[in-house]
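Listed features, source Swiss-Prot:
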BINDING   CYS150, CYS153, CYS203, CYS206  Zn(2+) 1 binding site
BINDING   CYS167, CYS170, CYS189, CYS192  Zn(2+) 2 binding site
DOMAIN    5-70  domain 'J'
REPEAT    150-157  repeat 'CXXCXGXG motif'
REPEAT    167-174  repeat 'CXXCXGXG motif'
REPEAT    189-196  repeat 'CXXCXGXG motif'
REPEAT    203-210  repeat 'CXXCXGXG motif'
ZN_FING   137-215  zinc finger
Amino acid sequence: MSQRDYYEVLGVARDASEDDIKRAYRKLALQYHPDRNPDDPEAEQKFKEAAEAYDVLRDGEKRARYDRFGHAGVGNGGGFGQGFSSNEDIFAHFSDIFGDLFGFAGAAGGRSRGPRPQAGSDLRYNLTISFRQAAKGDEVTLRLPKSVPCDECGGSGAAPGTRPETCRHCGGAGQIRQSQGFFQIAMPCPVCRGEGTVITSPCPKCKGSGQTQQVKELSVRIPAGVDTGNRLRLRGEGEPGIHGGPAGDLYVVISVEDDKTFRRQGQDLVVTREISFVQASLGDRIDVPTLDDDITLDIPAGTQSGEVFRLVDKGLPYLGHGHTGDLLVEIRVVTPTRLTKKQEELLREFALLDEEKPLEKVKKMARKIGKAMGMD
């Protein structure tokens with residue numbers, strides 16, 4: 001009986017990539033798997049066809065022979081499904097593709113993988129810093145309780161002079177298998193808990209865990225401009241890996257204290273400065289604090305309460321951008337609440353001045369009021 005073209009079976013072009021072939025086989029294997037189609041000979045046959053086609057096209061050498069000589073080039077002239085010696089071979093590729101997802105092993109006698117390397121857990125450290133540390137950057141030392149390999153047993157968990165023994169229940173595989181239809185499902189061994197070995201003489205220092213707790217000092221550079229909620233990732237400073245797996249990461253989560261002088265708006269800083277209504281009317285020069293030194297700010301005549309002056313590049317640096325925010329000086333005009341009799345008289349006289357009076361006369365009166373209030 002003539003055989004269908006392997007590319008046709010998988011529904012891919014002859015120049016299909018390895019990933020295309022794998023995706024096509026995955027789709028067909030799920031669609032026609034016997035467990036999904038019980039008592040359906042046609043579905044079982046299509047499952048075998050897909051497995052045989054994938055077996056050839058996934059292998060570069062077999063595929064080259066097939067492309068040149070057809071089915072004769074791969075030694076399969078007996079019809080689909082005849083290229084495998086047992087059901088184990090037919091299900092082997094299915095296990096390769098889906099095993100990591102579902103824990104499936106192949107049919108009877110499938111491969112034992114044993115315990116796999118596992119990455120260590122990530123750790124979180126909450127760090128509170130001052131506003132000035134956040135603004136200028138700093139280097140801080142963290143004291144971290146961490147699990148480290150036991151120096152008594154070298155991390156094996158076994159007492160010195162002994163070593164872990166192969167688990168007799170699973171034969172060192174770390175897994176036991178349960179049959180369900182065509183599948184064997186790999187389960188962690190309940191005796192060794194997936195380790196493949198058991199410790200008969202635990203290390204007295206770590207009690208067989210292979211790890212001990214130590215306080216580790218770690219120097220961390222805080223970049224200038226950080227804000228509450230920012231995270232610093234320190235690779236490899238988390239919990240150690242298992243079975244040779246990589247260590248996890250340490251995430252330092254920043255919390256910035258409030259400042260008595262400045263308020264923060266993103267990378268801009270806001271500072272409030274109070275002036276008298278005389279200063280607001282006539283203008284003045286006032287000192288304004290910055291992150292470095294005080295600077296002098298010219299207040300123009302007629303300044304209103306709530307007016308904001310922007311000092312460029314006097315704010316906080318942007319992380320990773322090389323730019324700096326601004327300093328916003330918010331003016332608050334203070335109205336006196338307690339006046340002497342003379343001050344009150346001068347204010348009333350000031351209020352009676354017509355708008356048509358010469359400006360110099362108004363300014364002269366304002367200066368006179370300011371002098372009376374001790375603001376000159």
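Each Cβ is built from the backbone N, Cα and C atoms, and glycine gets one as well.
Taking the features listed in Swiss-Prot, we show where each one sits on the structure.
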{"residue": "CYS150", "record": "Zn(2+) 1 binding site", "Cβ neighbours (10 Å)": "19"}
{"residue": "CYS153", "record": "Zn(2+) 1 binding site", "Cβ neighbours (10 Å)": "26"}
{"residue": "CYS167", "record": "Zn(2+) 2 binding site", "Cβ neighbours (10 Å)": "19"}
{"residue": "CYS170", "record": "Zn(2+) 2 binding site", "Cβ neighbours (10 Å)": "24"}
{"residue": "CYS189", "record": "Zn(2+) 2 binding site", "Cβ neighbours (10 Å)": "21"}
{"residue": "CYS192", "record": "Zn(2+) 2 binding site", "Cβ neighbours (10 Å)": "23"}
{"residue": "CYS203", "record": "Zn(2+) 1 binding site", "Cβ neighbours (10 Å)": "22"}
{"residue": "CYS206", "record": "Zn(2+) 1 binding site", "Cβ neighbours (10 Å)": "21"}
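Under DSSP, the residues of the domain 'J' (5-70) split into helix, strand and coil as follows: 48 helix, 0 strand, 18 coil. Per-class residue totals from DSSP over the repeat 'CXXCXGXG motif' (150-157), listed helix then strand then coil: 0 helix, 0 strand, 8 coil. With DSSP classes pooled into helix, strand and coil, the tally for the repeat 'CXXCXGXG motif' (189-196) is 0 helix, 0 strand, 8 coil. A separation of roughly 18 Å, to the nearest angstrom, links the Cα atoms of CYS206 (Zn(2+) 1 binding site) and CYS192 (Zn(2+) 2 binding site). Mean pLDDT for the repeat 'CXXCXGXG motif' (167-174) in the predicted structure: 86. Only pairs six or more apart in sequence are counted, and the repeat 'CXXCXGXG motif' (203-210) with the repeat 'CXXCXGXG motif' (150-157) gives three or more Cβ pairs under 8 Å, enough to call it a contact. Sequence-distant contacts of the repeat 'CXXCXGXG motif' (150-157) (same chain, six or more residues past either end, CB-CB distance under 8 Å): 163-164, 199, 202-206, 208-212. Nearest by CA distance to CYS153 (Zn(2+) 1 binding site), out of the binding-site residues CYS170, CYS189, CYS192, is CYS192. On the backbone, the CA of CYS203 (Zn(2+) 1 binding site) and the CA of CYS189 (Zn(2+) 2 binding site) stand 22 Å apart. Note: the repeat 'CXXCXGXG motif' (203-210) comprises 0 helix, 0 strand, 8 coil (DSSP; helix = H, G, I, strand = E, B).
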